[in-house]
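Q: For reference, TrEMBL lists these features for the protein:
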type	residues	note
TRANSMEM	14-42	transmembrane segment
TRANSMEM	70-90	transmembrane segment
TRANSMEM	97-130	transmembrane segment
TRANSMEM	150-168	transmembrane segment
TRANSMEM	188-208	transmembrane segment
TRANSMEM	223-242	transmembrane segment
TRANSMEM	249-268	transmembrane segment
TRANSMEM	280-306	transmembrane segment
TRANSMEM	318-338	transmembrane segment
């Protein structure tokens with residue numbers, strides 16, 4: 001059996017899922033690499049190689065916490081701008097062109113990071129901005145932007161990403177500066193919570209499918225969101241009340257927080273399809289645009305709040321914010337979310353179904369004539 005025959009036997013949805021996995025894997029690595037690297041770039045190192053001597057080697061880059069915030073947030077300026085355009089282009093062009101092209105371009109731009117860093121923080125910020133941009137019918141814009149169920153999704157997306165980007169951009173620095181973990185160990189501990197996130201997304205999706213067999217789509221979405229944000233708020237509360245000596249429990253709290261984001265994604269992440277029909281790609285672009293804003297807001301706020309990164313009480317102020325955002329997000333989503341196709345999306349869905357029916361009828365006629 002040839003490789004071609006083996007490939008033909010593999011279901012195409014598995015091939016698409018595998019390619020999508022590697023594409024998103026690369027996109028996530030390109031997005032997160034600076035969050036880990038910047039800790040080593042601005043942290044002094046100790047050289048014990050000489051006999052009976054300890055030498056403190058200054059940090060390579062003497063960037064303030066505010067400058068670090070700008071660097072960490074710069075990627076998301078471009079990422080946010082590109083989202084609505086990406087949602088629109090997704091209705092016009094093949095997904096492989098947009099997806100493959102954006103990841104490839106972002107990878108090429110990332111190669112210039114060492115060169116830009118040598119020319120100062122401004123060059124690095126501009127490069128990350130370009131990387132963010134590269135990571136990305138008549139449309140009833142007015143109806144979409146005046147729809148409360150759409151804003152419920154946007155709010156849920158914003159709240160979830162505030163949590164994710166708080167941990168995504170700030171956790172490595174918090175572990176090294178405040179909890180005194182080594183940089184290499186902090187990198188491992190920062191990556192650890194994302195495994196429970198992957199598991200919880202899949203598990204919540206499976207449970208949601210089972211629940212929708214007995215209960216309405218809307219009630220299932222709200223139920224999953226309630227569990228997710230309740231656990232998220234509890235995890236952040238645990239982190240804030242613990243002292244530096246309780247490092248292990250704080251790491252457990254970070255795992256709980258990030259892992260609990262999975263059910264939220266499994267809820268609002270598919271809600272675009274529930275209410276938008278054929279406009280789901282556009283809705284995803286819109287919600288991802290607003291949902292990406294915490295990517296540049298969180299580092300900026302953290303840079304202003306945390307002036308001495310060794311003081312945990314200053315980090316507590318950073319971690320308290322997501323608690324309030326989680327509560328507000330859950331309340332808004334509970335009151336205004338919807339689980340059925342909205343009136344402004346019905347025309348598009350009916351038209352799409354009519355095209356499918358016409359294509360099926362034409363195929364039947366062609367087969368009949370061939371006989």
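Every residue, even glycine, has its Cβ placed from backbone N, Cα and C.
Could you place these features in context, so I can see how deep they sit and what lies close by?
A: Proximity of distant same-chain residues to the transmembrane segment (188-208), defined by a Cβ-Cβ separation under 8 Å and at least 6 residues beyond the stretch ends, is recorded for 35-36, 167, 171-172, 175, 181, 220-221, 224, 228, 251, 254-255, 257-263, 265-267, 270.
Only residues 6 or more beyond the boundaries of the transmembrane segment (318-338), in the same chain, are considered here, and those with a CB under 8 A from a CB of the stretch are 148-149, 151-153, 155-156, 158-160, 162-163, 166, 170, 218, 221-222, 225-226, 229-230, 232-233, 236-237, 239-240, 257, 268, 271, 274-275, 301-302, 305-306.
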Q: At a C-beta cut-off of under 8 Å, are there same-chain residues at least 6 beyond the transmembrane segment (249-268) that contact it? List them, or none.
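A: Same-chain contacts beyond the ends: 152-153, 156-157, 159-160, 163-164, 167, 171, 175, 179, 189, 192-194, 196-205, 208, 220-222, 224-225, 227-229, 231-232, 234-236, 238-239, 242, 287, 322, 333, 337.
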